[in-house]
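Below is one structure, written out as structure tokens, with a few remarks after it.
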């Protein structure tokens, strides 16, 4: 079996008013980038201008879309590309804590006797739920990239049908 090699560039969205004020956005608050966030996205675009992208996947949240669009406008490899918005890429849901202070979430975790990073407020996502959502996205992305690879080579999609399983299986084998 031929190995398919590709690079993955991960970019966090630029600053929003909520970030600046230490407030949680999560999935319910769809805040735009602040002026600083727009400048950060511009800087990321300049930094990544020579990276060749074949696909762009982005959360469907406004702050993420603004960041991706700004980066793409600086990059000639993105001229014919359209970003694929996927809700699986949203940040963690913080449930009832969304819109509140990060410090309040820390205090909620402490009161519950849990580590901050392991704590899930009521109606929020657990770390395991986030991992499953990311895994689902990765499998979907790998299937798309694999299908495009073999299509470009004139081969049918059956060559890529087990690509995500193979990559994830190898990962489990090497880490377990």
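Cβ coordinates are placed from backbone N, Cα and C, and glycine is handled just like the others.
Checking TrEMBL for region 'Disordered' across the ranges 119-147, 148-176 points to 148-176.
Neighbour counts were taken as the number of other C-beta atoms within 10 angstroms of each residue's C-beta; across the recorded positions 12, 13, 63, the minimum falls on 12. Between the C-alpha atoms of residue 18 (substrate binding site) and residue 91 (active site, proton donor/acceptor), the distance comes to 14 Å.
Cβ neighbours of residue 16 (substrate binding site) (same chain, under 8 Å, six or more residues apart in sequence): 25, 31, 32, 33, 34, 37, 63. Just so you know, the Cβ of residue 14 (substrate binding site) picks up 25 other Cβ atoms within 10 Å once every protein chain is counted.
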